[in-house]
Amino acid sequence: MFKNRFFNTMQIQNQVQLKPFNTLSLDVTASHYTKVKSIEDIEEALAFAKEHELNVLVLSGGSNMLLPQQINALVIHLDIQGIDVLSEDQDFIRVKVGAGQVWHDFVLYTTKQNWFGLQNLALIPGLVGASPVQNIGAYGVEVGEFIESVQVYDRLLKQTGSISAADCHFSYRHSIFKDEPARYIITHVTFKLLKQANLKLNYGDLKQAVGDNLTAENLQNQVIHIRQSKLPDPKEYPNVGSFFKNPIVNTQEFERLIAQFSTIPHYPQANGNVKIAAGWLIDQAGWKGKQLGVVGMFHKQALVLVNYANASLADVKKTYQAVQHDVEQRFQIMLEPEPVLYNNLGLIENHTE
């Protein structure tokens, strides 16, 4: 039975099932749960957690997290809405977006408004507030390129603040929010988008699909089509999208790999390093379409781990660690998981522990 406690606008619930709120569909119960729609709600929730000596786990779209069966912590579920135009000129428009907005819906909205920049990131699961955390990226675009600033509640200073894109330290699947996960709760993200067409068509299959119809809408539609053809729908096949990061190796390491495996897909980076396609490594290690019990790597895209039937976190860990082992044996590369791993106290845990 739920026990509900009401504050000014916020409600705390006990023993709440989080299965609908994580895209891997893990069976998870939170000892304490609340949905927040404002900064005031966040302040009340944090005060409750402090009073009851609870850790805080901030839940966004649940598309990049691995959760245990029981979480003894306060889960704060972000639901801050709103899309507000701050300013615009001939070339740019600045838009402030609530952290609880669905990411894909926001991308569709920008295209409808004829704003450019985010079309390559269509159909990425999750909410706007999670996009800066791991600097989401796809088809040659990272969200950090179009973020002007991130609005936060700073738990250390106990106040709201704004962090410029430069101070977010965006890099491949990384940001300051990963370095200090317990400090900031993202409330809004301010984007600086283009008003003139500037389509990023760096990826071969995307360039070919877009063809001569160089509109934002066509680019977005082709990205959606390609993703849907390769990636499983989480409602049908529970997953967290790309499970592993594409490893980045130095020149010496790359020369060793290319000498042994001449067809290895790779992408040169600005600093002389080389990004390797993790999906190809997993496929070559024999894991594409392979299952270990109720968890496996998807048959159309080896980079996606799928929960086929009521898997537990232990089942998931057993599978991804087996994939890591086999890839390392073949290529001497240790794959790093993308989703964040939590323990039963709601704290982030290292995947290697």
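Cβ atoms are placed via backbone N, Cα and C, with glycine included.
Residues or ranges marked as domain 'FAD-binding PCMH-type' in Swiss-Prot: 26-196.
The Cβ of R173 (active site) has Q134, N135, G137, K245, E338 as same-chain neighbours under 8 Å, each 6 or more residues away in sequence. Annotated active site per Swiss-Prot: R173 (among others), in sequence order.
Annotated active site, proton donor per Swiss-Prot: S242, in sequence order. In the structure as shown, the Cβ atom of S242 (active site, proton donor) sits within 10 Å of 22 other Cβ atoms.
Every protein chain considered, the tally of other Cβ atoms within 10 Å of the Cβ of E338 (active site) stands at 18. Residues or ranges marked as active site by Swiss-Prot: E338 (among others).
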